[in-house]
């Protein structure tokens with residue numbers, strides 16, 4: 001079991017090295033939120049190309065839990081990677097001056113995710129780095145992400161891993177206990193949690209996804225019906241934009 005896990009981790013690190021070398025970039029930038037997904041992605045990057053080439057960016061807003069920033073700082077110190085903090089409230093305030101601006105949790109959450117993506121790519125462009133994605137398979141299959149926001153990246157090291165697999169690997173690379181034990185949250189508004197918003201635990205989501213994939217995407221339980229409905233509604237997030245471009 002340990003050998004199999006080591007092989008799977010080695011494959012991820014090799015993919016990161018390939019993306020890095022092939023791009024001729026000078027490093028990697030990863031948004032470190034204080035959550036387990038970004039923690040594991042950052043750890044993989046440090047293991048693959050060395051922590052001195054990896055920049056961790058925390059992009060909190062006033063609604064963010066202060067403990068998340070503290071956990072992100074601890075993670076970066078443990079991994080030996082550089083850490084910077086950019087508060088996104090001034091950018092949010094600028095958007096709120098747009099005539100007709102409407103503020104709802106849904107609209108503001110998507111806006112925050114896209115602002116964070118823009119800041120990550122600004123630093124990547126400035127420092128000749130790649131942006132590392134932090135989406136896992138469970139989120140990707142459900143479409144639990146912001147299009148052109150937190151799903152935007154130059155490579156995705158953990159998108160093939162179910163959330164339950166993420167926890168398994170995070171324990172293996174010694175991610176801090178505070179990160180492993182916290183409630184998963186996108187941090188888009190105070191008190192928000194992934195499982196509360198979706199209405200299922202990640203254990204239930206992953207079990208449903210595995211059963212659906214094994215049974216030709218035919219739901220057999222209420223949980224599977226809920227997961228399938230969400231996956232179908234958000235299929236556009238997993239696909240390229242429709243187009244008529246033909247490349248020989």
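Think of each number as a place in line: the chain as shown, counted from 1.
Glycine is treated like the rest: Cβ placed from N, Cα and C.
Model, not experiment: these values are computed from the prediction.
In Swiss-Prot this protein carries:
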{"type": "BINDING", "residues": "31, 32, 33, 34, 35, 36, 37, 38, 134, 163, 185", "note": "ATP binding site"}
{"type": "BINDING", "residues": "37, 139", "note": "Mg(2+) binding site"}
{"type": "BINDING", "residues": "114, 147, 154, 236, 237", "note": "deamido-NAD(+) binding site"}
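Overlay of Swiss-Prot feature records on the structure.
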{"residue": "31", "record": "ATP binding site", "Cβ within 10 Å": "27"}
{"residue": "33", "record": "ATP binding site", "Cβ within 10 Å": "28"}
{"residue": "35", "record": "ATP binding site", "Cβ within 10 Å": "23"}
{"residue": "37", "record": "ATP binding site", "Cβ within 10 Å": "26"}
{"residue": "134", "record": "ATP binding site", "Cβ within 10 Å": "27"}
{"residue": "139", "record": "Mg(2+) binding site", "Cβ within 10 Å": "26"}
{"residue": "154", "record": "deamido-NAD(+) binding site", "Cβ within 10 Å": "17"}
{"residue": "185", "record": "ATP binding site", "Cβ within 10 Å": "21"}
{"residue": "236", "record": "deamido-NAD(+) binding site", "Cβ within 10 Å": "11"}
{"residue": "237", "record": "deamido-NAD(+) binding site", "Cβ within 10 Å": "18"}
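Cα of residue 37 (ATP binding site) to Cα of residue 114 (deamido-NAD(+) binding site): a distance of 18 Å. When the C-alpha distances from residue 154 (deamido-NAD(+) binding site) to the binding-site residues 33, 134, 139, 185 are tabulated, the minimum falls on 134.
Note on proximity: of the binding-site residues 139, 147, 236, 237, the one nearest residue 185 (ATP binding site) is 139, by Cα distance. Comparing CA positions across the binding-site residues 139, 147, 236, the one lying closest to residue 33 (ATP binding site) turns out to be 139.
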